[in-house]
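**Q** The following block contains the structure, expressed as structure tokens.
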């Protein structure tokens, strides 16, 4: 079956230079932390003759770390216009320019004796991740057949997790994590970029984009034939033409227009809640705690990096598993199960942390909690969140929806990164209370308000949301307004 091969290869070509980079660049910065801080101090000493105080080194380091989410936010904002003007595939290809620039900057930073180059390179890496996290799930979900749409778009999360694990592995002292090799470690992200630049041009653009945005039916059919082979395309083409007719005469929407439109109220609320919860649920903070908990459990200091790789592998295993079951189980059960389990583990984790010094086996329980929490996050929230904006918005609103989604994810990543050390300081063992509240509230929202999108066409999904958006009016028998009419006009 050549065609399923082409779909699989398209997924790999998009993923390796896409969300893989996001995971890889998040974890790759952890290994050389102390070396880069020393480099900052030495550079300053050479320039001015005065060493930096440790608090200033810490401040410079936090600037370097926060340049990444700041770049991500920028990338999320430019991704929408890029996807509309250049198309999905071209945007992903052009996006590699940022990574190549970043690799050059960080690779030569030590030779140039400039730590500012590292900060700038982290910003560019962030821009790359921000663009790919928005455009890759959009490109893949639009290229996939309806029955596989969830699994195909969900691969974005698997590539993120794969990037995380490989970043942890490459960052080991035996590979590139040593004191001499850290510039190469930071520049190693150029490899996936080059792989994508050579592979992705051979695969087709998103058929939906070609037909609905470009109005190019011929290219759309040829892209579909490449992706689906000789199978009957008439039903799928008919569905796309119906969607094209539904959005006829509309231009691509801006993010603020989505907030203003009463016909999109629940869709916007759903992605705001879910993309905020994805970062505010405390999963990334578990990685922050991992090293401390493993140390308390008596694992020798030099062995901890190997155990931390286990936490990344946990996320990888669950996101691959979730890939296989998302189109059978549905989106809602996975999200609901994930957040309920995380809420449960957060409670156990806080109890274990508070009793750690009193009861000898508590560190092992905290350790189990870390793995269980990351597994629960991987089951649903990690992947399903990225699939939803594609499914609940039409072609003209989708890029704007991803801009909102991406901006929230990056802003909240920045927020948690900045606030978490202070939360730990003030709440100590009970630092997971805010995350617990987020998990419970999100589970309630999914349980009561989010409709299932499994196996439905994009038009069927928007009809379902329309019922929710206009529930109040239909009860009172009000006129539904022009939104309804415009979307059924042929």
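One is the number of the first residue shown, and numbering goes on along the chain from there.
Glycine is no exception: its Cβ is also placed from the backbone N, Cα and C atoms.
TrEMBL does not curate its annotations; it predicts them automatically.
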**Q** Quick one: sort out which of 29-49, 92-112 is the transmembrane segment according to TrEMBL.
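**A** In TrEMBL, residues 92-112 carry the label transmembrane segment.
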**Q** Looking at 365-388, 461-484, which stretch does TrEMBL describe as transmembrane segment?
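**A** So the range that TrEMBL calls transmembrane segment is 365-388.
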**Q** Looking only at the domain 'Major facilitator superfamily (MFS) profile' (11-454), what is the mean pLDDT?
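**A** The average pLDDT of the model in the domain 'Major facilitator superfamily (MFS) profile' (11-454) works out to 90.
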